[in-house]
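Visitor: Pasting a structure below so you can have a look.
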Amino acid sequence: MEHNENHHASATRKKGGLVTMPFIFANEVTEKLAVVGFGTNMISYLTTQLHMPLTKAANTLTNFGGTASLTPLLGAFISDAYIGKFWTITVASIIYQIGMISLTVSAVVPQLRPPPCKGEEVCQQANSGQLAILYVSLLLGALGSGGIRPCVVAFGADQFDESDPKQSTKTWGYFNWYYFVMGASILVAVTVIVYIQDNIGWGLGLGIPTVAMFLSIIAFIVGYPLYRNLDPSGSPFTRLVQVAVAAFRKRKIPNLPPAQCLYQNDELDASISLGGKLLHTEQMKFLDKATVVTEGDDTKSPNLWKLNTIHRVEELKSLIRMGPIWASGILLITAYAQQGTFSLQQAKTMDRHLTKTFQIPAGSMSVFTITAMLATTAFYDRVFIRIARRFTGLDRGISFLHRMGIGFVISTLATLVAGFVEIKRKKAAMAHGLIDHSSATIPISVFWLVPQYGLHGIAEAFMSIGHLEFFYDQAPESMRSTAMALFWTSVSLGNYVSTLLVTMVHKFTRGPNGSNWLPDNNLNKGKLEYFYWLITILQLLNLIYYIFCVKYYTYKPIQVHDKDSTSSKENQVELTAV
């Protein structure tokens with residue numbers, strides 16, 4: 001009852017909470033439907049409609065995928081420093097919409113793409129003007145996702161007030177639900193929309209996601225009066241640089257005074273420590289020099305390039321401590337990225353018939369990844385947490401670091417299995433004399449690929465949600481969008497590493513007789529299994545590295561503002577030990 005009164009009492013204007021979720025999720029569902037419906041089958045669009053060679057098409061997509069995951073740093077900066085999350089999401093969605101409209105138009109108007117292939121003739125590739133439209137559309141998409149990606153997850157989590165005990169546990173539940181809802185809409189995209197693109201036409205196949213994007217913008221804006229909008233609290237990047245500069249300027253200070261004598265200023269930090277102040281930690285002591293008050297320092301209104309508060313120094317320390325764990329997520333994405341390129345090509349050569357007339361589009365194979373991810377997330381939220389809670393005593397079942405570790409192990413297993421499946425596929429091709437026929441369908445069921453797709457989905461449910469929770473929980477509160485952007489930069493680098501790996505393997509495994517691990521035209525003559533196992537070895541090394549990172553990781557200690565001192569202590573311990 002109290003909760004409802006808060007919503008209706010115009011005096012308090014307490015906003016946010018569960019009532020905002022339908023709008024945020026409606027935006028997320030339609031936006032994901034649009035983005036994935038657009039992107040999943042893009043490799044087919046580039047190869048069949050624009051007649052690009054396969055390696056070039058794969059690299060074009062991973063490069064734009066990489067760029068689309070780097071732009072969130074820019075989006076997060078604008079959001080945290082200037083206009084807040086709501087306006088960043090709105091403007092970015094409109095930019096994305098323009099990119100989608102231009103690509104849809106090019107799929108409908110015949111002059112904007114090369115003529116269809118005739119018989120056995122060499123297909124005419126897209127000319128520079130036609131490619132320009134493609135690149136501009138992809139670039140607008142990359143810019144748009146730069147504003148949406150870092151803000152939408154954090155904006156949703158912001159709707160729950162962590163200092164309110166009734167709402168604080170809702171944030172990690174929200175991450176599970178966020179991923180679940182997102183997965184459900186991706187499922188529709190990779191089944192219905194991919195089917196339309198392959199069998200009915202690209203005009204309609206790209207038109208539906210474009211309309212979905214428009215609806216997502218409307219749904220999001222309609223919820224505006226209900227949202228809990230946190231004001232942007234100045235540029236987080238500037239604050240980090242100020243701490244580094246102040247520490248460097250005072251580097252010659254010989255001995256640090258005890259922690260209680262270091263500079264604090266609650267008024268100055270009020271806007272960036274709504275959920276509580278960060279406490280002093282013993283690591284990276286050279287940064288503490290930024291908090292030493294020397295002659296000439298004005299403690300009332302300090303020059304932040306010379307003197308900083310403990311809270312601000314600890315913000316920088318928190319981000320530095322998160323770095324090694326952030327880096328461990330890169331290779332998981334590299335492994336995951338192969339599903340959109342080489343696993344898709346494997347599927348194209350296999351028997352995809354469900355009935356005599358109906359066959360699964362190769363682009364829809366990721367249904368198995370998403371179904372596995374959805375099932376795992378639901379199982380995790382409903383069953384696993386309850387069982388784990390009995391053993392660990394933690395509200396969230398297991399810590400996000402353990403959750404990520406489980407994801408790493410399963411992902412390593414996924415690429416190991418993928419290699420063995422590829423050997424089986426090639427044996428079937430050899431047994432039927434189809435090694436030299438690149439476009440022939442090998443009589444082996446496409447369902448042999450289900451284990452690798454499924455394992456990637458299970459790995460993602462553990463690793464990616466754990467990664468999101470980790471960033472949101474451990475980042476300084478005024479840098480939540482920036483932290484989400486860091487999550488996306490690991491995705492970005494994963495895509496770039498994939499491009500680099502593919503290019504290097506393609507280059508260094510080239511034999512004098514034209515043989516190659518990753519051939520351009522005929523997968524049957526390649527050694528794709530070696531490539532999968534190379535990724536498996538890299539992931540094993542990554543897992544060992546991750547275990548070391550976790551062993552030496554320090555959680556951010558926080559002092560929660562609370563009128564009741566006992567609950568303050570409880571909160572403090574909880575946040576430090578989770």
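Cβ atoms are placed via backbone N, Cα and C, with glycine included.
Pulled from TrEMBL, these are the listed features:
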TRANSMEM  86-110  transmembrane segment
TRANSMEM  131-157  transmembrane segment
TRANSMEM  177-196  transmembrane segment
TRANSMEM  203-227  transmembrane segment
TRANSMEM  319-337  transmembrane segment
TRANSMEM  358-380  transmembrane segment
TRANSMEM  400-421  transmembrane segment
TRANSMEM  485-505  transmembrane segment
TRANSMEM  530-548  transmembrane segment
Visitor: In terms of Cβ proximity under 8 Å, which residues at least six beyond the ends of the transmembrane segment (177-196) contact it?
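Guide: Beyond its ends, the transmembrane segment (177-196) has Cβ neighbours at 21, 25, 28-30, 32-33, 36-37, 40-41, 153, 156, 204-205, 208-209, 361, 363-364, 366-367, 370-371, 373-374, 377-378, 381, 461, 464-465, 468.
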Visitor: For the transmembrane segment (86-110), find every same-chain residue at least 6 residues outside the stretch whose CB is under 8 Å from a CB in it, and list them.
Guide: 27, 31, 34-35, 38, 45, 49, 75, 78-79, 130, 133-134, 136-141, 143-148, 151-152, 155, 202-203, 205-207, 209-210, 213-214, 216-217, 220-221, 224, 227, 229, 481
Visitor: Any contact between the transmembrane segment (131-157) and the transmembrane segment (485-505), i.e. 3 or more CB pairs below 8 Å with pairs at least 6 residues apart?
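Guide: In this chain the transmembrane segment (131-157) contacts the transmembrane segment (485-505) - 3 or more Cβ pairs sit under 8 Å.
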Visitor: Could you give the residue numbers and ranges of same-chain residues that sit at least 6 residues beyond the transmembrane segment (485-505) on either side and whose C-beta is under 8 angstroms from one of its C-beta atoms?
Guide: 55, 58-59, 62-63, 65-70, 72-73, 75-76, 149-150, 322, 326-327, 329-334, 336-338, 341, 467-468, 471, 475, 517-518, 531, 534-535
Visitor: What same-chain residues lie close to the transmembrane segment (400-421): Cβ under 8 Å, and 6 or more beyond its ends?
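Guide: Here the qualifying positions are 325, 328-329, 332, 335-336, 338, 343, 346, 448-449, 451-452, 455-456, 458-467, 469-470, 473, 528-530, 532-533, 535-536, 539-540, 542-543, 546-547, 550, 553.
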